[in-house]
Amino acid sequence: MSQPLVLDGLKVAEDIKSKLQARVSSLKEEGVTPCLATVLVGDDSSSATYVRMKGNACEKLGIQSKRIHLPSDTTTEELIQCIEELNQDPLVDGILLQHPVPSHIDERAAFEAISIDKDVDGVTSWGFGQLAFGFGKYPCCTPAAIMAILDYYNLPIEGKHAVVVGRSPILGKPVSIMLLNRNATVTTCHSRTQNLSDLVKQADIVVAAVGKPNFIQGDWMKEGAVVLDAGYNEGNIGDVDYEACFEKASAITPVPGGVGPVTISMLLKHTVDSAELRANQ
Ligand code: NAP
């Protein structure tokens, strides 16, 4: 078989950002500067890096980044109070609470405190419900990134069998819903799924969202499958055995440089979408 198409997330991200640039400029001409508030609780170094990357990406595009760093002994009530203040702040368009928060905090309660209008990371159950009904404004960013990659490369979704491996609320479940909303036939797999490899072998589209390095094997792939690897494990390793799956796939995302960069662009896009709604109020 010929070499697969390598789905270049950096290229997709640049395309999204270049379109956003013009929208940010015209918002600024109207006196509106889009603003994303990021909330980091505690001292986890990877979380701090993710938040810094998101803040820097905002600033590069002219989006204001309001960075809030709370100490690790912050209580659930204090975190919710902080989120409520951001909900009330008319100059904040989006709120991102970096996951995970320290374990003594009720993370779900904190996510739920984010106003639906500012839930640009798609973490509230209200946003999830809207997504399921097909009219959500701000889907979770990684699932949205996966869909954006498929669309950028004009890869067909309708009628295809998509197998999603993983069912987390921020990734596997919402991407399954988004594929279903686009008329794919979706199988969602998880840790109790039986005969996983047989199911993956039936897939036209494989989404890997497991959190286990090199988990999806080359000999599980149908010839010509489209492979999207959302996994990001220590050492820049995806959830897909890239070399082995490369042999079988018709298109595949690399790690790094695949889903990751597009995820950040989707966060920026949702923040700009929200700022435009503010400008039009
Ligand atoms: P998660 O919450 O740990 O969920 C992992 C999912 O994989 C669960 O649904 C789990 O099933 C399933 N699973 C675990 N072992 C399995 C097995 N042996 N067979 C089949 N399914 C299995 O992880 P997540 O937050 O969704 O993240 C998944 C991956 O995506 C991670 O590598 C993470 O770093 C990455 N990620 C990347 C981005 C990005 O921007 N690129 C963003 C978010 C996450 P159960 O539900 O049964 O436990």
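Every residue, even glycine, has its Cβ placed from backbone N, Cα and C.
On its own chain, Ser168 (NADP(+) binding site) has Ala209 as residues at least 6 apart in sequence with a Cβ closer than 8 Å to its own Cβ. The NADP(+) binding site annotation in TrEMBL covers Gly166, Arg167, Ser168.
The domain 'Tetrahydrofolate dehydrogenase/cyclohydrolase catalytic' annotation in TrEMBL covers 7-121. Counting residues of the domain 'Tetrahydrofolate dehydrogenase/cyclohydrolase catalytic' (7-121) by DSSP class, helix then strand then coil, yields 59 helix, 18 strand, 38 coil.
Taken from TrEMBL, the feature domain 'Tetrahydrofolate dehydrogenase/cyclohydrolase NAD(P)-binding' applies to 141-277.
Of all Cβ atoms in the protein chains displayed, 24 besides its own lie within 10 Å of the Cβ of Gly166 (NADP(+) binding site).
Under DSSP, the residues of the domain 'Tetrahydrofolate dehydrogenase/cyclohydrolase NAD(P)-binding' (141-277) split into helix, strand and coil as follows: 54 helix, 24 strand, 59 coil. Excluding Gly166, Arg167, Ser168, which define the NADP(+) site, the same chain contributes Val164, Val165, Pro169, Leu171, Gly172, Lys173, Thr188, His190, Ala209, Val210 within 8 Å (Cβ to the Cβ centroid), listed in sequence order. Around Arg167 (NADP(+) binding site), a 10 Å sphere centred on its CB holds 18 further CB atoms from the protein chains shown.
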